[in-house]
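**Student:** Straight out of TrEMBL:
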type	residues	note
TRANSMEM	A:20-41	transmembrane segment
TRANSMEM	A:53-77	transmembrane segment
TRANSMEM	A:107-128	transmembrane segment
TRANSMEM	A:148-171	transmembrane segment
TRANSMEM	A:178-197	transmembrane segment
TRANSMEM	A:245-264	transmembrane segment
TRANSMEM	A:321-341	transmembrane segment
TRANSMEM	A:361-377	transmembrane segment
TRANSMEM	A:407-431	transmembrane segment
TRANSMEM	A:446-468	transmembrane segment
TRANSMEM	A:475-492	transmembrane segment
TRANSMEM	A:527-545	transmembrane segment
REGION	A:759-787	region 'Disordered'
DOMAIN	A:900-1092	domain 'Peptidase M1 membrane alanine aminopeptidase'
Amino acid sequence: MFWQIFTFEISYRLKRPATYLYFIAFFAIGLLCFSSGSTPATEKVYHNSPVVLAQFMAIFSMVMMLVCSAIMGVPLYRDIEHNTSGYYLSYPVSENGYFWGRYLGSFIFVVLIGTSLMFGAYFGSLLGPAFGWVPAKRIGPNHLVNYLQPYLCIAVPNLFLASSVFFGLVAITRTVKVIYAGSVLLFIAYLLSNFLVSDLENKDLVRLLDPFAVNTLDLEIRFFTPAERNTLLVPVKGLFLYNRLIWSGIGLLLLLVTRFTFSFRNFFGGKLRKKIVEEVAVGKTYIARLPPVSISFAGGYYRKVMLNMAKIEYLNITKDVYFRAILLGGVVFLVIDYWIGDLTYSVGTYPLTVNLMAYKSYNYMLFIFIILIFYTGETIHRDKTTRFATINDALPMPDWVLYGSKLLGLSALALLLSTVPLVFGLLVQLFKGFTDFNFPVYFTELYLITFPQMIQMIVLSFAVHVLVNNKFAGHAVGILIWVLMFMLRNYGEMNYNLFFFSYAPGYTWSDMDGIGHMAKPVFWFNFYWLLFGGLLLVIAAAFYTRGIVTSAKERLAVARARFHGAIRIVALTLLVGFLSAGAYIYYNVSYLNNYLTSRESEERQATYEKTLKKYENLEQPKITSLKMNTDIFPEERKVLLKAWLKVVNKSPVIIPALHLDGTGIESYEVIYNGKAIRANYPLIYKRGKFNLFRPANDTAKYRIYQLPAPLKPGDSALVEINSVSAYRGFTNEMSGTDIVYNGTFFAVGLPSMGYNPDGELISDEKRKKHKLPEKKDEYPPQNDPKGIRTLLFNDDANLLTYDITVSTSGDQTAVAPGSLEKKWQKDGRNYYHYVEDIPVDLFFDVVSARYSVKRAQATNYGRTPIDLELYYQANHSKNTDRFLGAYKDGIGYFSKTYGPFQFKQMRLLEFPKYRAFAQSFPNTVSYAEGFGWTADFSDVNKFDYGYFVTAHELAHQWWGHQVQPNRTRGSNLVSESLAEYTALMLTQRKYGKDNMKRFLKDELDRYLSGRANESKKENVFVNCNRPYQWYNKGSLILYGLQDLIGADTLNKALREFRDEYAGRTEPPFAGSKDLYRHIEKHVPDSVRYFLDDTWNKITLYENKVLSVTSKPTGKKDEYKVTLKVSTRKFYADSAGNEKPAARMNDYIDIGIFAAESKDKTGRTLTVPLALKKYKLTAGTHTIEVIVKGKPVKAGIDPYVKLIDRIPDDNVSDI
Amino acid sequence: MQLIISSLSKTYPNGVKALNNVSLTVNQGMFGLLGPNGAGKSSLMRTIATLQEADSGTVTLDGIDVLHQKQEVRQLLGYLPQDFGIYPRISAEQMLGHIARLKGIGKKSERKELVSALLEKVNLAKDKRKNLGTYSGGMKQRFGIAQALIGNPKLIIVDEPTAGLDPTERNRFYNLLSQIGENTIVILSTHIVEDVRTLCSDMAIICQGELLYTGGPDAALSELDGKIYSKTIHKDEIYLYREDHKIISTQLKGGQLNLRTISDTDPGYGFVQVPAGLEDFYFSRIAEKADVVTL
């Protein structure tokens, strides 16, 4: 029996065009992705490398959930839908044969369609290089196993799981709607793992939780270097294997449970509802007439009817159990996202309304999107699906009542869904004891931004469903439109929002600046799309079908007949409104502003380099003193600058011309020695193709000013610069976040001198496309004479003093580096005069906002007091003591250890959330709103990153501002690695070693994933050129070094280094090898290998505990612990190819730990019973240690001081 | 009240001519529409009920252009489609109340009274609070009847209304209809010829989209008076009769076939004259278009 059913199913499937369409669709996806090189591979990874293939299969086998639902949902439901039970039951069909025949007959197609991924990817990898869409060197060798392994280990289990879930759910519930709920359910598990993966602590859980292994896979391969990605298959072992087994097991279990609960009787006959048993009708009293009724359609009767029907539509949706299930899913995520939010080093923030409004888009809006798309279709087709339409359509309400009621019901739904984030937001805030509700933010976000966006989603689906007039085709077309837009934006490099329905520029809510200047574009785009939506609705209304439509021609005729009178006027009005709004947006985006596609921006980068590279080594004068007046107009988003510069030719050659690059400045003019001078414009760009009304030649702000008299070596001149920096109108995407209504943080507006190599294209693939030579290194070698005499952060000056007068609006405070000499008010504006009389880098910003100020004092070593000032948003006062504490502790410790603090004051200034970093200027640190000001540090076991980051920025006053790095390879480590390391040591002094574990783990993780995603080559540390090297590796290896040679010894070296370079106003400036030289002096021969390994090589360890046992020795409270550990050391080349170290005999910690205890603040403490360095060679070692106290844990390098590929297996429970 | 259909035509995209130049006048009272499956009955009724466009022709109801003034027609219309669905999770009472509102009965008390009277009439009063999804086929049909009667319709169109009803309910329904039909137009489609005979003052027969007859049942019967002959033969012998006689119906009973033929004169061969029924008339007209020999 099985066989007949099975083959019937196969021949049924073979006849369905959909079967082939699914195959073709996914084949095409594979073909497109791989032939166009749209894969997540970084530049040194082959597009068709085993890892990329695995990622591709994981993601798209998840997307194939849609195919699974379409194919696996129907085989059983077909019989219910077509009511074949009557005769099917009478056939001699066995339940087993029926069940498995239908299942396997369908599943085999799912598996076959799944192979389309392999074929698509394979042919894509051949086609891409053949047609030149992808450079040939980006395609590696194609091995069958690279395709088959991920297909079998990832794709097939995913397809099996989804297929079993859908098949089972339909068999059990006897409806197809359950598929939506099933999809959502599977999706929830995936989203949950997506959510959890953001925190380092949950990685193992995520590995198991992701039903499609997408995150599991990403975790498995996250430390794979480019070389490994190109050659290694994803190892199917450990948690990855368990994930596959668990989820396939769940699929199988579900299938078996379904089979055992399945019976023909229940499935076909089993009635979910009880039918009324009819009684024999008996004659009833004869009522002669129906009671008289008054019928009138006059007045607002139809309107009332419409409202009533809208209510029914609304209730129909909200009472639906599947609706409730999906919404519940959304709400669960909403609450989780609200509750946990964004984590930084596992630390969350207080539930600020501005934060919650961002969190709601993480997952909730996705559920809402599904609900709106799905239920719009349901609502439109409800009458037809239930076949009530045959009665309904002949009832005497006009079309607009029918149409309008559905629209209104859905709008009410949108209103409900917009209100949910408000209600749960308030609840979460209340539960967390947070009462600073920001209702204006709630209302603006939810009812003025989110609600219109939901309406836009509804309107598009609505119009599509009405026009397509078929539920499933309508869904398909509707989803296709969204997918298409998504693809074009993400892979097609298109983002011109005027052409993407419902898209608007992004925005961020902040406590400091609200929605700021983004309110206007968001409003205008929403308005524009609502008008378009209205237009769609009117057009769809003309095509709205009532009764039976027999042909497209007839529909068109009806539509044409309907399209007259009022409807025509409305349509025309909407069209005019839509076009006007569009014109206004265009005027802002493409006329007032200069919109460029990403390709155009790239082209401009290339043109800049091609045209101006020849000026790179041109000598330019240096600024030696600077006086300026700068006026900030926050409400106009404008900054005016008047600057007087003294420049001196410090080079050995004559300088005939001044090269100024004013990129980012609206306009500027130059007066040289009291006279205006004329400029040449060597660089002219083509007009952006979207900006039809801008001048055809877009003159770049790179200017060459021929000097009236050439500047001879040693000559000086006075240069006056007047500049305007302003943001006019709005742009296609969020921009101009440095000059805002409240919280301006702006780099003044001085043009820079000469060619700027930082603007060059980095990617060699892109460079090749633009016929530019490969770019191996950003900076010259450490002994480059020009590099040594140039500063890293600014090549326009050596150290200088300056004098700034800054003004801002009357309600704001403006701050610039230096001592505040004077402040006054004039014409309702605030003026401040700052003087920096200690020579500093030409590297500063001005800041202006409505600030609260908190003051304190720190003591410089040598007992001079330092004024501390904290400028912050009034309601962000929770963590101010942490920031001040870091300043006090830091100034005390650093000044004693590394040399005195050089300024009289130190400031910390909050700036809006638009940007998330902190930056250290001379005696001034700008620190982003979202980076600790509102973090919740109440858990004492969490890492106090507010303290740490402040310490880091403070440390830059020594490393960066006392010791200035030069412009040679790797020199940034002088600034960043030392700041990171010294801040780490300061934080460790305050919070203890235990508290640093989480941080070090994070540093290691960032270093390993940084090098894994390296798109060029990994440099050794002394040549470091990437953040993951100078921050993360830097702090790790310096921490490791102080562990070997002692913190004091290392500090001594740093002190000597600082003493050599601090406060140098003239070259030579410090490079990475200068620091190395000082450190090397203090490293004993026995650990020289470590210094060499970490600075001059890329070294990795693989330390692992294999087993631990413990036995009481017989003496009281004494145990013998036996550890079996293995260790290996590798050297990696710049591509990530690893070779075992030839000789290894390295110091590695072996630690035995008792149970954790808590100190009096509740902080967890690890209790080491023994912690000792052993000299270990590569291989397995058995180590015996006798300890006092009961051991519970032991391991090798338990604090992960070495760079270990897999740090999680270093410690084991006893 | 008069409904005038003239030269109504409709061809479906697949080429089927659902209505072919149909002209018909329907007066107040019950009007029976007879025809085999697929004859175009439902197409005609849907067109009158404003649910379907016609290719050409006109339909007027007391001066209202039915094909274009749909709104006006719908305000006068009571329609029971042949095939309709219900919202399963709503009670008959609520649903009828809702429809009454849509039909312009603005007062809640009136709606309530009307709905309960209707439920009484269609014998659903007892189950009025139960969800429609739990109704049996017959109950659903009676619900359909009740909704069609809401709002004093002047034009009632009922498509195969008695399908699924037991004989008692059928009678009950017909009584109800004839009572209402006194001052309204009721168009009733059915394939039970006898029902038309008992209920309708006027009737029409259509087949393959063409109007074959329109007039009163009595007039139709008198046309056949004395022209129907019958004979019982063995079923294998049918070929002997097909050529020479105008067979209008055949009925098989225990291997014997009962033939009915129409003839102005005695056909001989053992045929016996029998009293004519409306069914004979129906078959005789249909026979022009379709093969009525059902073997």
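Each Cβ is built from the backbone N, Cα and C atoms, and glycine gets one as well.
So that I understand the layout, could you describe where these features sit and how close they are to other parts?
**Tutor:** Distant neighbours of the transmembrane segment (A:53-77): 9, 13, 18-19, 22, 26, 29-30, 33-34, 39-40, 102-103, 105-107, 109-110, 113-114, 117-118, 121, 146-147, 149-151, 154-156, 158-159, 162-164, 166-167, 170-171, 174-176, 179, 182-183, 186-187, 190, 212-214, 217-218, 221, 233-234, 267; these residues of the same chain sit at least 6 beyond its ends, with a Cβ under 8 Å from one of its Cβ atoms.
Taking Cβ pairs closer than 8 Å, the transmembrane segment (A:107-128) reaches residues 10, 13, 19, 22-37, 47-48, 53, 56-57, 60-61, 64, 67-68, 71-72, 134, 138-139, 142, 147-148, 151, 155-156, 159-160, 163, 167 in its own chain, all 6 or more past its ends.
Below 8 angstroms of C-beta separation, residues 50, 53-54, 56-58, 60-62, 64-65, 68-69, 71-77, 99, 103, 106-107, 110-111, 114-115, 117-118, 178-179, 181-182, 185-186, 211-213, 217, 233-234, 236, 244, 247-248, 250-252, 254-255, 257-258, 262, 267 of the same chain, each at least six residues beyond the ends of the transmembrane segment (A:148-171), sit close to that stretch.
Under 8 Å from some Cβ of the transmembrane segment (A:245-264) lie the Cβ atoms of residues 88-89, 93, 95-96, 98-100, 103, 157-158, 160-161, 163-165, 167-168, 171-172, 208, 211, 213, all in the same chain and six or more residues away from its ends.
Remote same-chain partners of the transmembrane segment (A:321-341), defined as residues 6 or more beyond its termini with a Cβ less than 8 Å from a stretch Cβ, comprise 177-178, 180-181, 184-185, 188, 191-192, 195, 348-349, 351, 355-356, 359-360, 362-364, 366-368, 370-371, 374-375, 417, 420-421, 424-425, 428, 432.
Same-chain residues lying 6+ beyond the ends of the transmembrane segment (A:407-431) with a Cβ under 8 Å from its Cβ atoms: 306-307, 309-314, 316-318, 327, 330-331, 334-335, 338-339, 351, 353, 356-357, 360, 364, 368, 371-372, 375-376, 379, 437, 442, 446-447, 450-451, 454-455, 458, 462, 537.
Within its own chain, the transmembrane segment (A:475-492) is flanked in space by residues 36, 38, 373-374, 376-377, 460-461, 464-465, 468, 500-501, 503, which lie at least six positions past its ends and keep a Cβ under 8 Å from the stretch.
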**Student:** Taking helix as H, G and I and strand as E and B in DSSP, count the residues of the region 'Disordered' (A:759-787) in helix, strand and coil.
**Tutor:** 10 helix, 0 strand, 19 coil
**Student:** Using Cβ atoms and a strict cutoff of less than 8 Å, what residues sit near the transmembrane segment (A:178-197) while being 6 or more residues removed from its termini?
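**Tutor:** Same-chain residues near the transmembrane segment (A:178-197) but 6 or more away: 62, 65-66, 69, 73, 161-162, 165-166, 169-170, 203, 205-206, 209-212, 214-216, 218-219, 322, 325-326, 329, 332-333, 336-337, 340, 362-363, 366-367, 370, 374.
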